[in-house]
Every structure is written in C-alpha cells, then in structure tokens.
Amino acid sequence: MKIWIKAICITSFVIQMSACSSSAQTKNDSRPAQAVQNGIQQHVEGKDIVDIPEAYKRKLKGLETVKGKVLHIKDGDTIDVNVKGQKQTVRLLLLDTPESVSQKIPPQKMGKEASFFLKKQLDGKSVTLVYDQGPKEDKYGRKLAYVFCNGIHINELMAKSGYGIIAYIFKPNTTLLPEMLEAEKEAKEAKAGVWSIKGFVDEKNRHYNRNDAA
C-alpha cells in the first residue's frame, strides 16, 4: 500500500513539474516572432509589431497613412476596410489580380486562388493604408493604397507570390513601383501563379488575356 501511495505522489510531482516547464516555455516564447514568407519578412502578431518596416518608412515619409480593420475581401486586389467607423473599398495600388467575381467576364484562372490567399493574409485584421502622392481614388470611387499588415507590404506579397501583376501605373502614384517590379520579376522567374500559365499574362500591355477563363 505504501509503495502504491509513493508511486502516485511521484507521478503527481512529475506532472506538476511538466506543467510548470511548459508554462515557463510558453511565457518565454510570447515575444513577437519573425518569419519569412516568399522572401518578404513578416511579423507574427504580437505586442510590439511595427506596421510599416523602417525600410519602407523612409520611402513613404510624408505620405498620408490611415489605420483600419478589414471587413471583407472582395477579390484578389480589392478589400473593404472599416476606417473610423466608415466602410471604404480599397484597391491595392499598382496590382491587378485575375478576375474572380466580375459580372462582365467569366472567372479567370488563379482568380479564386488570389482571393483566397489575400483573405488568409487580411481577413478581420488591422491594416495601415498608405496613399501615394497622386489621386487617392480611382474612377469607381475606390481608395488606392499600399496595404500593410503586421509588417508585411501586402501589395508586394501578392505580386511576389504570383497572384497578381503590376498594372495601372500612373505617376506620381509610383513610390513603391521599384519594389513591386522586383517582386513581380521574382514570381516570373519562379513561374509562380499566373506566370505558370503560358500566354496568360500580356506583359506588353500589362493585363491578362481575357479569353483564358477558369
């Protein structure tokens, strides 16, 4: 009987020590972590997250920025954002992804994939919108912005991942054009996403061949 009681006590002690060790490890690992996604540094959500990394801050200095929360992903390059209690439709600047919900043409290849990828990055998350030097809206009344979330430039991430191409290039809304073009170049060389479909991207005119439906 004494041996049995002793065994129970030892087991209980081991379990308690394991729980304490696990708790301590969790506490020590609660600092913001960093990871790399498709070559672009991203910051896992945590206390000391910087919305816009220093390298971008220098280039974007003086441009208007606003904070908001993503309400809805409309497609791969358009989102609805709550800004100070008002819903704003935002088009990701310098980016064009294949159509997934257009009423004018059938859904295109990679359109749904682009929307899903963007949703995974932004749905329900806080973002910082950066407006460039030129017009802040397009002809449809959508805001034109660089979108940052947890230290990631989302426009650039979409291009680098092959879910979109660089398009609608109008000065002076071109502050981050070099970074966007470099991201697109890497996706093209890797034959990622839209670049994996032969003849899909019309590079000269910077649009998609619309007859390539999903």
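Just so you know, the numbers here start at 1 and follow the chain as drawn.
Each residue, glycine too, has its Cβ placed from N, Cα and C.
As annotated by Swiss-Prot, signal peptide applies to 1-24, with the evidence given as sequence analysis. If you look up Swiss-Prot, you'll see 64-197 marked as domain 'TNase-like', on the strength of sequence analysis. What Swiss-Prot records for ARG91, GLU99, ARG142 is active site, and it gives similarity to another entry as the kind of evidence.
Positions of the features from Swiss-Prot, shown on the structure.
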residue: ARG91; record: active site; CB count, 10 Å: 22
residue: GLU99; record: active site; CB count, 10 Å: 25
residue: ARG142; record: active site; CB count, 10 Å: 19
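Using DSSP to sort the residues of the domain 'TNase-like' (64-197) gives these counts of helix, strand and coil: 37 helix, 44 strand, 53 coil. Recorded residues ARG142 (active site) and ARG91 (active site) have their alpha carbons 6 Å apart, per Cα-Cα distance. When pLDDT values are averaged over the domain 'TNase-like' (64-197), the model yields 94. Residue pair ARG91 (active site) / GLU99 (active site) shows a Cα separation of 13 Å.
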